Amino acid sequence: MGKNVVVLGTQWGDEGKGKIVDLLTEHAAAVVRYQGGHNAGHTLVINGEKTVLHLIPSGILREGVQCLIGNGVVVAPDALMREITKLEEKGVPVRERLRISPAAPLILSYHVALDQAREKARGEAKIGTTGRGIGPAYEDKVARRGLRVGDLFHRERFAAKLGELLDYHNFQLVNYYKEPAIDFQQTLDECMAYAEQLKPMMLDVTAELHNLRRAGKDIMFEGAQGSLLDIDHGTYPYVTSSNTTAGGISTGSGVGPMYLDYILGITKAYTTRVGSGPFPTELFDETGATLAKRGHEFGSTTGRARRCGWFDAVILRRAIDVNSISGICLTKLDVLDGLETINICVGYKNENGAVIDAPSDADSYIGLEPVYEEMPGWSESTLGAKTLEELPAAARAYIKRIEELTGAPIDIISTGPDRNETIVLRHPFA
């Protein structure tokens, strides 16, 4: 009997999901993306060679693994084709292994224009989107007016819908945002060119997943972004436009929760965030700069510098509850090497002095101060360790304390960027 394993982020994204998905796909017949778009950036390092994936599931670098893009993913055809071409230039066979749901919404040029125009108009109050058109594409989906991958293969129907959409969106772009209109014919011609390339890769992904399940195959579900960026459970409004938590798996793939066997929460050994929004443990001192430098904390999609701070057990407890986490994978432990002391946030103190748990929206974070528990650091290197016994005693104590504070077991520890720099204590597919 096969197992269905989920890999998702428990913080604000950038937790190191790509490496872990790549590591675990050794046991998987298929990997499926179920939400987000090319705003994701999953970095894989294999034998020292770095590859960044945005839309294509991280299993593509494992020979023979089927890669599926589910209905919950918003697909930018131009970005997808660029990614396919780059991988093919490296000798990776993509088209015979990649399949895309016809129900996946399309991101087109007017979505990108709207996204960027809105951020520009917000000025200092900007949310910090990637400007890739993700939000506007999900808006069209929910408003039941969006174009989907399957529409690409019906030219007349596509053209009629596109004309209506451009009338609607160009009115906003020109009259409200004072930006140029998007050209209908150019957009149509581009989309029809992409249609010819995408048609062989279209497949009913939901049906395929259930066929694999019934055949007893192991399947991996690859999340994008992090739990605290979830449209419903994140630090709203500083969130993404999809459900990054476990609930998004079923809606974005068509595989019900009863069939999910193990949910692995990828968790960085410290905390980072890109863009605007609350971040209680953020560091503005030399330690924060050290974490950013050692951890190479720059967004793989946008190149923006990530904000860095101490580990926050409060937000992790919330993520564990919301996602029904089975086990934690602790990443970037080696970045903490050499720090004399390490702080863990165990609660938030409000203006009345009461210690509380994580709020549900961004405004409620105003005025909260982190309550820290100080732990000794370690001088020894953890880089490349492959067994728990190789880690310094202080590092093992740090890991144990995180388990105690969160109530979840740490099943995997990442000690470096390469797939073999990993300690596996309990395998999700076992």
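Backbone N, Cα and C define each Cβ position, glycine as well.
What Swiss-Prot lists as active site, proton acceptor is Asp14. Per Swiss-Prot, active site, proton donor is recorded for His42, and the stated evidence type is sequence analysis. Here Swiss-Prot flags 13-19, 41-43, Arg306, 332-334, 414-416 as GTP binding site, drawing on sequence analysis. According to Swiss-Prot, the Mg(2+) binding site annotation covers Asp14, Gly41. Sequence annotations record features per position, and here Swiss-Prot assigns IMP binding site to Asp14, Glu15, Gly16, Lys17, Asn39, Ala40, Gly41, His42, Thr130, Arg144, Gln225, Thr240, Arg304. What Swiss-Prot lists as substrate binding site is Ser300, Thr301, Thr302, Gly303, Arg304, Ala305, Arg306, and the listing cites sequence analysis.
Mapped onto this structure are the features recorded in Swiss-Prot.
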| residue | record | DSSP class |
| --- | --- | --- |
| Asp14 | active site, proton acceptor | coil |
| Lys19 | GTP binding site | helix |
| Asn39 | IMP binding site | coil |
| Thr130 | IMP binding site | coil |
| Gln225 | IMP binding site | coil |
| Gly303 | substrate binding site | coil |
| Thr415 | GTP binding site | coil |
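Of Asp14, Asn39, Gly303, all annotated as recorded positions, the residue with the shortest Cα distance to Thr415 (GTP binding site) is Asp14.
Gly41 (Mg(2+) binding site) and Asp14 (active site, proton acceptor) have their C-alpha atoms 8 Å apart, to the nearest angstrom. In this view, the densest Cβ surroundings among the binding-site residues Thr130, Gln225 belong to Gln225, judged by other Cβ atoms lying within 10 Å. Of the residues the record lists as binding IMP, namely Asp14, Glu15, Gly16, Lys17, Asn39, Ala40, Gly41, His42, Thr130, Arg144, Gln225, Thr240, Arg304, the two whose Cα atoms sit farthest apart are 34 Å from each other. Within its own chain, Gly13 (GTP binding site) has Ala224, Gln225, Gly226, Leu229, Thr244, Arg273, Val274 as residues 6 or more apart in sequence whose C-beta sits under 8 angstroms from its own. Here the CA atom of Lys19 (GTP binding site) lies 8 Å from the CA atom of His42 (active site, proton donor).
Taking only the Cα positions, the spacing between Ala305 (substrate binding site) and Leu333 (GTP binding site) is 20 angstrom. There are 20 other Cβ atoms within 10 Å of the Cβ belonging to Arg306 (substrate binding site). The two recorded residues, Gly303 (substrate binding site) and Thr130 (IMP binding site), show a Cα separation of 10 Å. Every protein chain shown contributes to the tally, and the Cβ of Thr43 (GTP binding site) ends up with 18 other Cβ atoms within 10 Å. Under the DSSP three-state reduction, Leu333 (GTP binding site) is assigned to helix. Long-range Cβ contacts of Arg304 (IMP binding site) within its own chain (separation 6+, distance under 8 Å): Val274, Gly275, Phe298.
Thr43 (GTP binding site) sits 9 Å from the residue listed as 'active site, proton acceptor', taking the C-alpha atoms as the reference points. Separation of the C-alpha atoms of the residue listed as 'active site, proton acceptor' and Leu333 (GTP binding site): 14 Å, rounded to the nearest whole number.
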